[in-house]
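Colleague: Next up is a structure, given as structure tokens.
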């Protein structure tokens, strides 16, 4: 069995699971500045209070899995992204404790709302910036990071940060449209419209810039016969954006689904651009892989436990299905 | 002071010390909640449900802080200890991956139901959720202590191309110090939790000795202290003997022994001076050191001078952290014995000095755990993986200013967040446990939707 390829795919799946699942949790925090009413904010948080912890666990699996399966990539990327990784983690500290603290606080609810919102926005922005810096490539010589602490910050990474923040906001909106009713749902629909335009513009810019970063990236997409096979990805993405624009006005459940679809296609496009590199532009996933006996040992556990995890996670979502009213759980 | 290695070590020590406080509490608390809910289901006595809800609120706060401070740990190996990650990734990575898959997901997946789901899933399924969370905390302890123990006593590997490659997973997971460390730490978590529960019970008994919920938790906690504290002393002794076998330099530092000698004394107090290579102002009992460590009055004890100066851990620190841990452990056992005496005298709920003693001992478990971990981790130096990799070779090439900045950020953020969180926990402890559950409303938390109210449409309908 090709353990290296299997683990590269598994970690890609774990990261995607994190991006989409914590994406809508973070999206709720990103929407906070637009919703001032404390009761509504409480309802918004309560829609994810029972599941956010499980959602965030995929981030631990992504990081832990990278450490286990591709130690060299883990070491190089974390060192190169020292500032954005730790900033993201501290932002997630504020975001995470706010779930409990907000409802325990008597006089400081506003402060914890701010912590929740700022934490969500900063964490999302750092993830986007790292995505951008990842695409641009890491300065590595002789398997050592040789760049500076602010290499990750560039116009391109800022665009990516903006794309991720607005993308998460859309995921959060789609989630809340499913969970809310009446006037408040209408308010969310109103917020979603400019977000769709912003995201469409952002995706266009990021895609075009990506093809200029590295000749190999452009070649991957525009050389024959790749152009023919890969053209459906941007075309379908554009189609989904149009559909989303309409769904935002009328539909209740499809908004979230379409946004997930857009995230999936963007993620796939990102993977196609970079494959087989795990530390662009030079180190591929095979070079960075742990020994085969480590990968096979972990695969046994993953094969048994991941289906079980998916089952009880789905059960938890099912238990807390449906609309969330003012009472909440707290 | 701006030596990047030292800064990175301080940052790791700071973040992991803050972190370990929460899991050591939630490991014990999850099992306590499991027992409380089992007792409630068995007896249908609402006092147990009230206690369950009382402690569940505290659990939720502590667990949340454990989660957010734990995620930091899983990334910090890479940000600050890149070469260490490359060297150990193939060995420790899979153990941590198993921790995530078997423990973190299990806890997180069922936590929502445990916190918010009693009215939605009913008592039986809710009890299953509590059980899963409790099992998850123990699985987590299993894997992370296995990983830490491998760094202390590495076995089952070979070195290939400058990295550790596993030959036997069994030998890696069940490395020589792991069984002792696991037992010692899980007992410590249970004991720590028992002391906290006992202190909270004592606090409410001091206000009102008729408080039935307080009586129940105080009695349960004192049984735990009376049984676990002595067992922990035995387990700790066995752990120490294992350390003597595999890491004699650590034990020499803990004991303040610089000279190798037969019939070594037990140094009760003193000031180990690394530069002078002697323990100053030593107050000692002749030959007892050999007796404890070798179970022979004339047993031979290796001193620090037998190790090259660059291979010695800092005895000044670990000598004292070890004494803090042991001293607190003895006080815990004393509390347990005192409670047995009071119980025999039928004054468990009225003996005010016992309640005050239990109250003061409330935080002692956390201090003992930190002191114990300081002892074993600083005692492992200068190695990060004992005998295989030095800490000085393990650090990432990060600009010192960046580490200084992140360390400052961690200190500020953790002080605010965990300071406030601790204040909320103490406030929740201060509430009267009798009123945590009101039988009429049938709510898990204040403000939650009553399941029996037909006027409100239920979610999912």
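Backbone N, Cα and C atoms are what each Cβ position is placed from, and that goes for glycine too.
No curator has checked TrEMBL annotations; they are predicted automatically.
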Colleague: In TrEMBL, one of B:157-181, B:182-206 is tagged transmembrane segment. Which stretch would that be?
Modeller: B:182-206
Colleague: Pick from B:20-42, B:250-272: which stretch is listed in TrEMBL under transmembrane segment?
Modeller: B:20-42
Colleague: Check the transmembrane segment (B:20-42) against each of B:95-118, B:125-145, B:213-235, B:353-374 and return whichever range has the most CB pairs under 8 Å.
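Modeller: Looking at each of B:95-118, B:125-145, B:213-235, B:353-374 in turn, the most contacts to the transmembrane segment (B:20-42) are made by B:125-145.
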Colleague: Could you give the residue numbers and ranges of same-chain residues that sit at least 6 residues beyond the transmembrane segment (B:398-426) on either side and whose C-beta is under 8 angstroms from one of its C-beta atoms?
Modeller: 2-4, 7-8, 10-11, 14-15, 18, 58, 61-62, 64-65, 68-69, 72, 79-80
